[in-house]
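J.: Shown below is the structure under consideration.
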Amino acid sequence: MSQQGYVATPPYSQAQPGMGGYPAGFGSSPAQPLYGHYGGQPQSFPAPPTGLMKPVSSPSGMPPPEVSSQYGSNIQQNGAHPQRYPAPPAAAAASPYGQPPNSPYHTIAPQAPAQQLTNQMGSMNLGYGQFGGQMAGPGMAGPGMAGPFQGGAAHMSGPPQKKLDPDSIPSTTQVTEDDQAKRGGQVYTTNLRGQVPPLVTTDFTVQDQGNASPRFMRCTTYSFPCTADLAKQCQVPLGAIIKPFATVPKNETPLYFVNHGETGPIRCNRCKAYMCPYMQFIDGGRRYQCGFCNCVNEVPAFYFQHLDHMGRRVDLYERPELSLGSYEFEATLDYCKNNKPASPPAYIFMIDVSYANIKSGLVRLICEELKTLLDNLPREDGAESSTVKVGFVTYNKILHFYNVKSALAQPQMMVVSDTAEMFVPLLDGFLVNFQESRAVINNLLDQIPDMFADTNESETVFAPVIQAGVEALKTAECSGKLFIFHSSIPTAEAPGKLKNRDDKKLINTEKEKTLFQPQKGVYEQLSKDCVSQGCSVDLFLFPSQYVDLATMGDVPTHTGGSIFKYSNFQVEMDGEHFLSDLRKDVEKAIGFDAIMRVRTSTGFRATNFFGAIHMNNTTDVEMAAVDCDKAVTVEFKHDDKLSEETGALMQCALLYTTVNGQRRLRIHNLSLNCSAQLSELYKSCETDALINFFAKSAYRAMLNQPLKTVREILVNQTAHMLACYRKNCSSPSAASQLILPDAMKVFPVYLNSLMKTGPLVGSADLSTDDRAHQRLIATAMGVEDTQLLLYPRLIPLHNMDVASDVVPAPVRCSEERLTDAGMFLLENGRSLFLWLGQACPPELVQRVFNVPSFAHLPADLSSLPVLDNPQSKKLRSIIDSLLDQRPSAMKLLIVKQKDRSEMLFRQHLVEDKGPYGGASYMDFLCYVHCEIRQVLT
């Protein structure tokens, strides 16, 4: 059965020269360590065919992008979304360049959804689902204008043409709206193997009936190919994004807890998989066959139960581990370090009290906040108070430890000035219970800002601070987290001293990758020490210049930690943003000293892992901590054939210590389909999960390869995935058509957006630390985070219904959607902008800002006044609800049209040409189409 996806005929019919060579991509067979080639040297990506299709905003041909031609991309999700348009009339299929009309266009299955778009001169008909359409190119370059491709095809002359309608190319906002309309508000039950969940952007409720909720696990495709050959042919990476501690909404059932007593959880003797719904009970219930390795095991006497006439245990629905996809086991002493029970974790607050932090008021701000924040330390559901202990360190070139034992009248300070041989000078009284020592701690927090008020010390140490934290936890025999508040590059004489190695001359050279490689040695060893102690590091940075974030962020990135950065911090401007981040960070659900194993049924296995993790061997994923926002992306490879009958099973087992010191196992199970038909794989793809995989792969690859190569791999692999679909799954059609699988039709916009992100764009205008930061925070992102980062939400506010609770529907992320009289909110989970057009109605400006008109708005506005009118209330409630949903706080930036600050805002309009390089979505789509044709010929 042939299926057709999105179809469009671009404005050129001969293959483009100058684009040969396809390095094998991410997730292809691991032949050579540096991606091998399919033939010939990879060419530099020529700039996109800018003259061929013009975005509406540009009346004349666009100049080729500056810098190296880069493609950035945006991320959105897709499912099979029927379009709202009827199939096009037969006449529309005639091609303007005298190609024969496209017969497949009319003969394909009538029930297929289609979308038809016309522009005056020729049709760019886009079809999705099972049918083909064609896209005829508008705006050709005239006869004398060579296109920007080397040896480009833009020499063809044609009739003068109207601009291509940007509405005619696949829209992320449309895809999310359609999925919300189709699946929003529904209950998603997980009783079927291989079913594709609603998009991450859709509101739905999950009912666990034997497979893990998509909140915990999402896959790049829910139908794996049966053989390694098929996987290699389509080049779609086989991956899962696992967020083991994902937040479960209040209206869904929390995980059940299973205790099998002293014997511990029941496991397969051979492969050690845990008891789950994929185990088949046989022999009257006395034995069971493992679903992962097929080994037959005896059922322990205490666990025996009779089978019903269907061969199922009669207690099936009373036991979570037999009927649910996710649950937890009590872990016995065998699962604890040194066979001793675990202790509750500790949180150590380590404050840089050098000149910059004292002067900015940061130290006082932190100390004031901690007095109330420590009441909200994480605790188990239903517990009266938290069992997490707390400790305090201040430092500049030397470290100060504080004894805050509850019996003391005054806190005591102990100084360690020999940073080369770090030790903790006190055992008793350093880590305490906050409730018991509250008076002493508050006394200390009052004293710290005054104690260092006259400091002139501007040099700091950094590695010894982490070392001190690890030593303290080691002594206390517990796991925990260090919260480090730090301002500058550590230049004081001590282990881990760093120097400024920022060098803009390396941008776009072979050596650019060195800017992102952490300095080896001390920090590498520190990461290992932290992981073995279950010590996670969260770094709050307040730099005013380069701090070598690539190195300073290395320990947090390998210990399940987070990195927060507030450049040129000012208390009045950034204080609230920082405090919101700190509160979320201290309060969030978390597990410590974790180790994760991903087991699979025979025929495939987990081969690659991306996340804020440490790997000592090829199978154990070690995380000093794992919280509700951290995800691990796993890649799978075949090691044998898979069968359509049994499918592909995976089990993620996470052993961890709870915040009250219990050792537990959290289990997530998922079953996928397998098929010998590639059309099944393409039908079951999830674009948002795919782009998460591509982002993490590319961000890792850029440590070892030039950015240009990384970008080529991204485009080549995209072209291969789409060419394989075209060749094997769609009905025959003219080569000039662009055909995309329905579930991947917006993949190009995300990929283009990815290539325009700071880490991959290679521009001297961007700070190296900012690029390193974005690279590091993406490693632990889940699917919803990368989706939003790569395709921000642009929400029109000027005509919102103040009476309704609904947030206005987002529009496409392009300048064309902005209006001079409009007001728009843009958010991507990291940044939040309120953009105002010059002709914004004075009454709206008055009601939101309390000034008479756009002209009266002050330049450096950074917050909204609290006003008692419907518009002000509605806007603030929209912003509050967004801030509430996102893992990190966002600082609101108010941007006036034509203002200097607009550049920051524009780089998030991902369908447009990137301000630092990178093509528009339209141009990128043309470029990918050329590449697909190159593959096919």
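Just so it is clear, glycine is given a Cβ too, placed from its N, Cα and C backbone atoms.
Remember, TrEMBL labels are computer predictions, not curated facts.
If you look up TrEMBL, you'll see 1-16, 67-79 marked as compositional bias 'Polar residues'. According to TrEMBL, the compositional bias 'Low complexity' annotation covers 80-97. Under the heading domain 'Zinc finger Sec23/Sec24-type', TrEMBL lists 265-303. What TrEMBL lists as domain 'Sec23/Sec24 trunk' is 343-586. Marked as domain 'Sec23/Sec24 beta-sandwich' by TrEMBL: 591-675. Positions annotated as domain 'Sec23/Sec24 helical' by TrEMBL: 687-786. What TrEMBL lists as domain 'Gelsolin-like' is 806-879. Annotated region 'Disordered' per TrEMBL: 1-98, 147-181, in sequence order.
So where do these features actually land, and what's packed around them?
T.: Counting residues 6+ beyond its ends, the domain 'Zinc finger Sec23/Sec24-type' (265-303) has Cβ neighbours under 8 Å at 210, 258, 311-313, 321-325, 329, 331, 599-602, 649, 651, 653, 665, 667, 669, 671 in the same chain.
Across the domain 'Sec23/Sec24 beta-sandwich' (591-675), the model assigns an average pLDDT of 97.
Sorting each residue of the domain 'Gelsolin-like' (806-879) by its DSSP state yields 24 helix, 11 strand, 39 coil.
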J.: Could you put numbers on the helix, strand and coil content of the domain 'Sec23/Sec24 helical' (687-786), residue by residue per DSSP?
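T.: Output for the domain 'Sec23/Sec24 helical' (687-786) reads 69 helix, 3 strand, 28 coil.
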